[in-house]
Amino acid sequence: MKRNIVLSGFMGTGKSTVGKALAQRLGWGFVDTDEQIELLSGMKISKIFSEFGEDVFRRFETLIVFNVSRLSNYVISVGGGTLINPYNREILSKNSLIITFMAQPEVIYSRVCSNRDRPLLNLGREDLILERIRDLLEKRMKYYSMSDFILDTSFKEIFELVDEIIDQIYNIVF
Ligand code: S3P
């Protein structure tokens, strides 16, 4: 029995924004694993990356994934790299339906380019960001496709995405 909904997918695909609206519609709780990592570590994600490196960030991430995987009736927004780790995938999928958000690289770029708190896209050169997004998306596609379903969020309003998710859940459950 799946008790939660996990929203996965690349940075800038709308996981947190849609996740909050979805949780409200379902009357469920909402939790964002990146926010939990910042609370637990007392540091911004960019600081964890710059001071301790990505490996330490990933360890915090798995710890938080373990904690949230035991929740019930929660929409859980996870970071864009969370599902790459097979252990994270395994513990999340036991108790949660996994939905992956996709978006076109140009749309992702327009959503993330003004935000400096995404260390994997902080390249110091604007002109390289779009290329980096394309490259990471391609590398991660096989992990993202290991989810219950995928939604393209490129040109949709929040309420449309919430409706689509609720329709899909209904199809899966009934
Ligand atoms: C990451 C995505 C970020 C955050 C960290 C690493 C990734 O989360 O977890 O910067 O590996 O794609 P969002 O997808 O919520 O931006």
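Cβ atoms are placed via backbone N, Cα and C, with glycine included.
A quick note: this is a predicted structure, and the numbers were derived from the prediction, not measured.
Listed in TrEMBL for this protein:
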| type | residues | note |
| --- | --- | --- |
| BINDING | GLY12, THR13, GLY14, LYS15, SER16, THR17, ARG118 | ATP binding site |
| BINDING | SER16 | Mg(2+) binding site |
| BINDING | ASP34, ARG58, GLY80, ARG140 | substrate binding site |
Between ARG58 (substrate binding site) and GLY12 (ATP binding site), the C-alpha gap once rounded to whole angstrom
19
Rounded to a whole number of Å, the separation of the Cα atoms of GLY80 (substrate binding site) and GLY12 (ATP binding site) comes to 9
Just checking: which of the binding-site residues THR13, ASP34, ARG58, ARG118, ARG140 have a C-beta under 6 Å from ligand 1?
ASP34, ARG118
Which of the three DSSP-derived classes (helix, strand, coil) applies to ARG58 (substrate binding site)?
helix
Is it possible to get the count of other C-beta atoms within 10 angstroms of the C-beta of GLY80 (substrate binding site)?
23
Most Cβ neighbours within 10 Å, among the binding-site residues THR13, SER16, THR17, goes to THR13
Just the number: how many Å between the Cα atoms of ARG140 (substrate binding site) and THR13 (ATP binding site)?
14
